[in-house]
Each structure stands twice: as structure tokens, then as C-alpha cells.
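Trainee: Okay, handing you the structure first.
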Amino acid sequence: MEVRSDRSPCVWTLLLGLAVLIRSAEGGCMEAAKCCRGRDMNCTSQGWRLDRLYGTCFCDQACGLTGDCCFDYSQACPARACIVGEWSHWSGCADPCTPALRVRRRQVVQEPENGGDPCPALEEKAGCLEYFTSQGTECAQSHVTAFITTFEYNKSRRRRALSPNWATEKEDAGYCVEFQVKSLSQDCLIESRPHARWMQYLREGYTVCVACQHPAMNMRNHRCYGDGRNANGLLHWEAVGNPQCQGTWKKLKEVESCSCPLVHSFIFT
């Protein structure tokens, strides 16, 4: 004698669906109260995984790469990006009277968590050249090449106090010299280090502006070394921060203030 079930296929489907929903509500990172750094084989729970399999799932940072996170991982362990503090002041030049580097740094306030954005660079370097020792002795006379760096350096380079040797009682406002770049080494064009990317804007035939301001002036004549005063031929220049980036240029004129675009504006250092 045939025994017939009182439950139709639709009823069975409904019951199975309810079972799946009930089961899916079980387990997970929030229920287990787990959220771990790195790869932690003990940071597990039981429940649905993001790859739609049911079983052991993980609540650690590495589960996103291995694809075995619990279904609620992103809610239980939200991503937190790295947070860094403000930049420190620029350091002085490493070696006075020699083309060198200055440095500034910043600290990590919050480490990235759960796949958040990584920390940006924590240190920056830039070329610099100080013409005076820590005792105030001038040493620029040994440099005949025009040493230049990005105009941005002028915002933070160290100002020196007026000394008894200064020809006037107040700081000179400075001047600007326009040059046409005649040649430059290949090293300028391929420079990619953060502190030296400004060198990529040096191009043959371009007109550039170079400002001469108080920190780089000779105390007696208020001139910057390498500015091409009374020169008619080609002059040599070198980019501070990369001694292989150098070339020649021709002086066009001297004006009171620079008017070139920022990327083509530099300073004597």
C-alpha cells in the first residue's frame, strides 16, 4: 500500500529555505566577538563565508586575501585607513657649505587595520646648500657653479640673522635672473625620487626664473654666486640633490621679481 506525504514540493522548498536562513544567522565574527590582525588561525567562527560556503570562517585581516572571511567580516571589522601626523620642520642641511640633503618626517597616528589604506611616506628629502657654517663663517666663495633647487625650498629654508658684515641694516629684497636652458644631462629627465622630481621640469630651450634672496646672498655685495653678473657666454648650473643633474644656460635678463610659472621657478641656494 502506497504512503503519500502530506507535504507538497513547495512546502519542502519553503522549509529548506527557512532552515538556510536560520543557519545563516548563526556564527560570524560579530557573534564570536572576534576581529584579529594579520593571519591568526585561531581567529575563527562557524557560519557562512563570503565565498558562499558554510563552515569554518575567519575574522582576521588576511581573510580578504584568502577569501575565507565570515559573511559579516566587513561589519564586525571595518577597514580603517592609516592616519599620519603633520610634517615636522625641515632639518638643516646635513653638511654646511656642501650640496647636501635636508629631511622632514611625520609619525603614524593610527596604523591601517582590516585592509584599510596603507600609510603614505613618512620621510621626505630635498636638496639644500648652506653658504655659512654654524659659526656664521661664509664659505660660498668655493662654489662657482650656480646651485639651484625648487622654489618651494624658499618657504622653509633657514634665515640667518644680519651680521656686522652685512652692507645694510636691513635684509635685501633680492632679485630674479631669467636664463634660457641650453643643455642638461639625461639624469635630470629620469629623476623620480620625491625630493627631486622638480628637476624633470628643466628642459633645453626653456626659460627659467631663478630668485636670489637673502639666505644665499654674499654679505658684501648682495649677489648670489653663479648669477652670471657681467657674463655673456654660457654658464654652468647644478641641481642640488642630484649632482648628476647639471647643464648650461645663458643669462637673458635680471629683473626685480620672478614671473615664470611655478614649475619653472627656482632659487639660488
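Keep in mind that glycine also has a Cβ here, set from the backbone N, Cα and C atoms.
TrEMBL: automatically predicted annotations, no manual curation.
Pulled from TrEMBL, these are the listed features:
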DOMAIN    31-82  domain 'SMB'
SIGNAL    1-27  signal peptide
Trainee: Averaged over the domain 'SMB' (31-82), what pLDDT does the prediction give?
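Mentor: On average, pLDDT over the domain 'SMB' (31-82) sits at 89.
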Trainee: Could you give me three numbers for the domain 'SMB' (31-82), the DSSP helix, strand and coil residue counts?
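Mentor: Output for the domain 'SMB' (31-82) reads 10 helix, 16 strand, 26 coil.
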